[in-house]
Amino acid sequence: MKFDLNSGFMYALAAIIVVFVIAQSLFFMLKAIKQAKAMGFDKKVIMRTIKTSAVFTIAPALSILLGVISLSKFLGLPLPWIRLSILGAITYELTAAASAASSLGVSVTQQITDPHVFSTIVWVMTIGIIPSVVLIPLFLKKIQRGIVKVKDKDNEWGELFITAIFLGMISAFLGVVFADVRSGIQGFIPIFVLLASAVIMIICGLLMKKYKLRWLQDYALPFSILGAMGFAIVITNWIG
Amino acid sequence: MEKNSSLKLAQVKKSRKYEDEVHVFGRIWMICAFFMMMSIPFMISVYYDAWPGFAPVFKGLLGVAPIFWTVAVIEIITYTPMLGSGGSYLGFVTGNLTNLKVPCALYAMENAQVKQGTLEGEVISTIAIATSSIVTTIIIAVGVLMLTPLTPILNSEMLKPAFDNILPALFGGLAVVYVSKNWKIAISPLLFMIVLFLLVPSLASSVSVLVPVGSLIAIGMARLLYNKGLLNTDKS
């Protein structure tokens, strides 16, 4: 069998993954919508959730696509497509591929031509990412029951507890933008971008309050992301 | 009164039924996902008749597994309470949690005015994650098929800073929504993280491992303020 990173076989595997992910998403979506209706949710709220989530997804999804493209230079197109469509994240995939390649003394700068190197990389990428798929079926029910217990005991504290977990996460990702400040003014760019996003959000909030623009609430975050990304281009050119 | 309570009981039963079903179907989907994911390297090895040696795979894993398996456990503990059961079963198959699914679900819950960790939140979170997964899958698929015209645009030097800064662009706006509402709880983990990253910039590459540290500080602070009665949750 002639080895080709972009063979029809690899594309067929990618197609199967795409169908699986869409099927699972539709399954859970329909189930949740049915439950939402039974609980008396307004149809408008459901539709708004779908619309907002779709719009919100565009910019991050394009950045994932960019990850697929950058990995394709050395892994071909279908494998990064597969890996980033199911339980992937660019930071992980690149590290995993590089680690597997280096164990064979191969560099990740050019396309792979040896099928053994390729299959080693695929195995490492897969086994490295698999724990969530094993742990979730085993422990999710227990974790959720634990949360219910905390909430049954003291509902107010239960809600604060979940909020606190989230604030901890957001703090870590806010703090990390300060990591590069020692590298000079360029290291401040992520901080400026963060502030730009925050300012756009605040402006949206003020406009919403002043002019009662209900629709703006749904799109304020996508606006902040896109606005701040645009700002990143301007400020990088200006500083750089 | 009696009618009211029996109605409530019926509702509770119904929501239990939904949750139980989500766990049953969620596990089935997850097990299918497991076998499908494992079958990919298997089929590639068979098709190209190229089985890797045990040693290179082990060595390769040694470079990633200790950190990424830890991150997986951390993500499960931190994200599942926010996403709810359905959202977790789906999000942990479709991936890209930190940079997409988690913020998307939280924002949807905020807009629908439902709380995380309730059945209402669970339903909205599941709808948001499902939508996001479908849109992401379609965008990537269309992008791959239209790669030739798209690559120069997405890879252009001009757009590079925009994609390099997607995380601060995302978390800046999100922070305004959540930190402003809960600033008393947020201030200490936030200061801790800023000082930490200023002092030890190299930690930036393992930010996921620091998430539970931030969460523990936030939980401790929340408990302290709550016990002292300094948090008026109704107001937030």
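Cβ atoms are placed via backbone N, Cα and C, with glycine included.
Residues or ranges marked as transmembrane segment in TrEMBL: B:24-48 (among others). Long-range contacts of the transmembrane segment (B:24-48) within the same chain, counting only residues at least 6 positions beyond its ends with a Cβ under 8 Å from a Cβ of the stretch, are 85-86, 88-90, 92-93.
Residues or ranges marked as transmembrane segment by TrEMBL: B:60-79 (among others).
Marked as transmembrane segment by TrEMBL: B:123-150 (among others). Sequence-distant contacts of the transmembrane segment (B:123-150), counting only residues of its own chain at least 6 positions beyond either end whose CB sits under 8 Å from a CB of the stretch, comprise 82-84, 86-87, 90-91, 94, 96, 100-101, 104-105, 107-109, 112, 114, 116.
According to TrEMBL, the feature transmembrane segment maps to B:162-179 (among others).
As annotated by TrEMBL, transmembrane segment applies to B:186-203 (among others). Distant neighbours of the transmembrane segment (B:186-203): 178-179, 210, 213-215, 217-218, 221; these residues of the same chain sit at least 6 beyond its ends, with a Cβ under 8 Å from one of its Cβ atoms.
Taken from TrEMBL, the feature transmembrane segment applies to B:209-226 (among others).
Residues 99, 103, 106-107, 110, 154, 186, 190 of the same chain sit 6 or more residues outside the transmembrane segment (B:162-179) yet have a Cβ under 8 Å from a Cβ within it.
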